[in-house]
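First up is the structure itself, then whatever we jot down about it.
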């Protein structure tokens, strides 16, 4: 093992991360004073847990002249190469390196081993197990500095120590702390042993005093024991009396309980019989009870009547609504025709007014031309007139242009309107086709509903017929007499049917054969004889194995029915037939051969009928009784060979087999009819479900039809509006405004041209006389004004007529919309009317069917009601009897419970008395029986006298003999433990003495080895020198101290080692001198030799030396370097800090430490660079 890497960050003078890589041999760290080279070795010892707990963390944190933050963290990590340490590699299982790391700040301290965090205690234990450090048991302080770490200044301390301090230091080096720990543990054990010894001694004193007191009370104890024995005999006598009384009382109560139990059983049998009768009557009443779910016929008839009336009222209202809608449609049609006629007349008048306006315009133009002619004669007016006419022409051209733009806009609107009108017409046609398809679909759905309704009518008729037939069968079954079939037998068969339907029955179905009466076949002429012989065994349940039989019995027990008497025959437990029944003559036939049954039933039938013969008459039977054969006659008389005769004539109609056959046939008919009824109900429900599905499809089709109608209505309204809009555009385009404006423009052009021509032709013409034109001009102006007013009136009349036409068109559109709405509403009303008519016809048909079935049902209900009343009367009578018997049974059971409780209390008292009797000693019982007295009062009196005598004795401190013996045994046990404790104390004392002796022997041996090692080391340092380590001991007897060599020292218990002294000679001829006579340099050499020799006593894998050459000259430094280099060659690692070049020669790795900005920085250098660094002037060194 050796130190491979050291990483520092934030530790002491190392602010930034600094990494040292060391070789397994000789390593050196150089630097000036204060550079921080000693902090490297301090970091290694810090990781190795020196001063691990109680230390000032701030002294190890990097300060740098500033206050530290609370969260400032420092870390030191040392990595060891353990590739050769197999026990460590096996313990770690992580590789060939051991990483020890400590992270700390002002407030925390973390210990880590190979990345795993540990507590302080775990960390210390791990270092001890790895043999890196050693700890004493009574302190956690580090005790092994001298072993592999030599700190700065430690070399000089060895010589300055006192003898005793030097001895203690050497003891720590050789591990005497383990001896001290063992001695301390032994002293603790010795102290505990003394405490146990003292405690045992005190307990023995107390017990001894108690035993003395018991001996004094022994006589009184003997007298009390005699009295107590007499008292126990009397108590045993009382217990015997109590047992006799309780036994007689229990016998009496048991006889009463047996009598009451017989009464309860008899009453229970009566109650069971009455309850069976009551169940028969209840079943009959339930069979005749009308179905509560069935609808009352009268209520059903009234419901049909009410439904028919409601449908008729709805049909009448719908027809009334249709008449009103048709009337409104006719009115709207008449109004529409009137409006169309009015609009046509108004358009004709509008055209007439327009032609009149054009005539007035022409006349006005002509008069204006005359006026212009008159005005042309005046040359002054010509120019103004031309300008005026030109202005008019411009205004007229502008009006023509606006009119042209308006016409173009109207033509575009007409094109769009025509396109939209065509599109709406196509959509309207598609909507009408869709509506027609939906109407066809509705017709198809209505036809299917009608067919399903017809099927439902037929099914209802069949269901009514089957239900009436089922009621007749129930009535016949209730009127039939099945008393020959016991209720318990019928209930047993029903129980078997329930078991077969259960999961357990399904598992055992293959092992179930059937009921005997269902399996065998008997001819009619033998049925009475078979019935009389077999009796209730006809209802035996036949199974293949006993497992199936147990399953049926378990099912019957779980059903908790007390009315079922089950007979079960398991074929696998019936012994086989060894010999078949033989014929006893022509007149005696074996009864077993007269029945047809399965082959596997042969053993069972021979067990039932094997010894029976069918004989024709009693005479033949009397002849066969001597052969020990049982006989039966065809009329049912049974003759047993023991002389017993039973049975007699049985009517064939009352035969059990015939009755059971009739019961099965009626039950099968009822089951078949019930199955048919259920099947018809299922078919009817299927038809109803199908009808509901079709109605749902029809409703969806009607919803689609309504949507199509609404869409068609909207399209029709859009078509009507577009058509009206197109007519209005065509009307506006039909007004010939362009021609009128062109005509007016031509007239103006003509006038302008005329005036301009005249001006150009006679520009200098003399003025013409215009005196004669005045009256003509006035007349023309007056006429022109009249024509203008007439034209304005016509235009106003034209506009008024146009507005009237527009208003009437709007009214026509509104009436058209109302007519479309009326048509849609009329279609809905007619469809609804058709549905109501269909429903009304269905209701009438249902009424007719109901009338046809009501007559037969009424007579049947009367007969059922009469039978039900009779059954209810019998049921009430049975119920009263049951209530009476139940009351009596309850009282009898209460009396029986009282007797049972009394008997239980007596039995409990007897059991307690017996337990008390068993606790009494056998000798006391024998004495009590010899002195037995039946007078209880006399015994109690004598017992009271004895109790009084015993009470007078003061026995508060009395103990029994067994308690006294237990105390004596405790005393002896304490004495034994006391002896053992004394022996243990002596053994511990001897162990402590042995440890002390071994400790001193070890000290002497180690000092003897130290003298050899220190002589070798000192010879290498001082070739002519000699050195010896002397042991100082103090003789306790002589009270004197003497110095001896270890090899000549004897261990004497009276001696005591007080210290170590070292004698040295630096020359071969010089005598050995003590340390206090040496110079400072000589003391340093001696101390160094002592340290190196002590290290060789226990070889360590690495050694740390911090400036051990500080007080040496160059010669001794070189010798020390050689000595350390030799030690490294022997397998140890050395890390040396120095500021002298002599210790650098053998170094494999050299690090230089220097300061930068107040922080230590390390760099790996060669020998020349390290030597140069040491030669720097001391003034360049920065303070630490």
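Keep in mind that glycine also has a Cβ here, set from the backbone N, Cα and C atoms.
TrEMBL: automatically predicted annotations, no manual curation.
These numbers come from a predicted model, not from an experiment.
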Given ranges 558-592, 593-627, 628-662, 663-697, the stretch to which TrEMBL attaches the annotation coiled coil: 663-697
Where TrEMBL places coiled coil among the ranges 114-151, 152-189, 190-227, 494-531: 190-227
Per TrEMBL, the range holding coiled coil, considering 63-104, 735-776, 777-818, 819-860: 777-818
DSSP-assigned states of the domain 'SMC hinge' (510-625) in counts, ordered helix, strand, coil: 62 helix, 19 strand, 35 coil
Across the domain 'SMC hinge' (510-625), average pLDDT on the 0 to 100 scale: 82
